[in-house]
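Trainee: Before anything else, here's the structure in question.
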Amino acid sequence: MVFNVNILTIFPEMFPGTLGYSVIGKALNKGIWNLNVIDIRSFATDKHKTVDDKPYGGGPGMIMKADVIGSAIDNVLSTNKETKLIYMSPSGVKLNQDISGQLAHFSNITILCGRFEGIDRRVLDFYDFYEISIGDYILSGGEVASMVLIETCVRLIPGVVSNVDSIRDESFTASYGLEYSQYTRPANWRGLEVPSVLVSGNHKKINLWKTQQSYRITKQRRPELTNTADGDIYE
């Protein structure tokens, strides 16, 4: 099954951007996933291709128009009725690995990228958009956020990352949330040694060390991700 992604944006030239590089770009070139970028401005009917207007009730900035965006969405739905509609929004559900895993199982998703002060709320309500945030901060638009979402989904698709253990052992996928510390050659760098257990050849001890590291790092930096009832054995 090919993972199809539709992007609704007023800046189509921003894509594929970072999605054209590394394993995500290779997967795109191989046809493992497909990117369809749609210019919202092409659905504006006036000669100036206007996509925004002043907000009712006053306030700063401009709001993206429901009629223009609605036409763009209708165009997508005319050929993809089952597509999952997503809006990148700071007020949405915070993105995590579980959400990415769920979305990666869809055959078709459509991501709406807002600009200015946002989208006319009627659009989101009428089409029942799923709103997603990538963090507690503000960007100038949804394009960069959409790239983050797409990458987190695509790399979970079989065949994208060649080593499945890489995904299994990653932060938020491993048992205790955050990934253990990683090291490579040289064994001694500026007087700092690689932990001796990692060069011991004892795989049982190595696996235990990784689990302990994962738990301790998670407990220190993201304690809400740890299961305190089971944690004592990893102290």
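Cβ from N, Cα, C; glycine included.
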Trainee: If Swiss-Prot gives I134, G135, D136, Y137, I138, L139 as binding S-adenosyl-L-methionine, which of G114, G159 does it give for that site as well?
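Mentor: For the S-adenosyl-L-methionine site that includes I134, G135, D136, Y137, I138, L139, Swiss-Prot also lists G114.
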Trainee: Find, among the binding-site residues listed as I138, L139, the one whose Cβ has the highest number of other Cβ atoms within 10 Å in the structure shown.
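Mentor: Top count of Cβ atoms within 10 Å goes to L139.
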Trainee: Given the S-adenosyl-L-methionine binding site residues G114, I134, G135, D136, Y137, I138, L139 in the record, what is the largest Cα to Cα distance, rounded to whole Å?
Mentor: 16
